[in-house]
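The compositional bias 'Pro residues' feature in TrEMBL is assigned to 182-201, 256-273. Feature annotation from TrEMBL assigns domain 'PH' to 1-46. According to TrEMBL, the domain 'GED' annotation covers 74-165. Positions annotated as region 'Disordered' by TrEMBL: 165-288.
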Amino acid sequence: MSTKHTFAIFNTESRNVYKDLRQIELACDTQEDVDSWKASFLRAGVYPEKDQVDSEDTGPAESFSMDPQLERQVETIRNLVDSYIGIVNKSIRDLMPKTIMHLMINSAKDFIHSELLAYLYSCGDQGSLMEESADQAQRRDEMLRMYHALKEALLIIGDISTTTVSAPVPPPVDDTWRTKEPSPPPQARPAPAAVPPPSRPPAARGPTAAPPPSSPQNPAFGAPLIPSRPGPPPVNTYSAADPVVNVPLIPSRPARVPPALPPGIPRRPPAAPGRPTIIRPSEPSLLD
């Protein structure tokens, strides 16, 4: 059995109501929705059908006025009454908590003036009522001591911050350009190559060779030779973290420069291109 309330709309002159439909049936969930739709149709000029009921079954029939203007006035009055009832309901909801608070405050005021004030006057010593308790006095002293201690600490911190000079920390060193090579395992490490110490040049015996020609800036002394730089490291080098293999090489000593002639002895002039060269025998050495 369906619980919906249905009603139909049709034309009394047997015309189509909508397109090819002679009748349109509408269904609502509640009777209130049906009444609302009927009232809306009534305002639009759609009136309900007169029911022809036998007088024997229903008793004397009541006559209702079907004047459209009267129906519209009744509907307008009904809407105004509903609006008024809604306003009254909202006003009562707004005034009710205010009224309750007003009654409570007035009752408390009457109690204070009539009973509580008389009871306080009857106690005798009203000064004892305003005395500070021992717990509150101790708490007040503790708060005062804490206040003075914090104030002194703030002064000390202010003196430190104004007299201390701090330098900013230098930025970290960027060593990302270094190529870190992993060191080989201990089993695969070859024995460190023994670098022989540089040998000294043999001592020259006999007459010393003639010094090279001196520069025009200092004709008395010859220019010293440029000392040789240490050679490149061996091919099988390892990481600097290896304490066994990373042995510094011994730099080679620079070659000795032969002593220059004293300033009193003149140098032999170079041979002229057109003059014949005369070779003299060397003087006998004392060691021969």
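From the backbone N, Cα and C atoms, a Cβ is placed for every residue, glycine too.
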Counts of helix, strand and coil residues, the domain 'PH' (1-46), according to DSSP: 14 helix, 14 strand, 18 coil
Within the domain 'GED' (74-165), residues counted as helix, strand or coil by DSSP: 82 helix, 0 strand, 10 coil
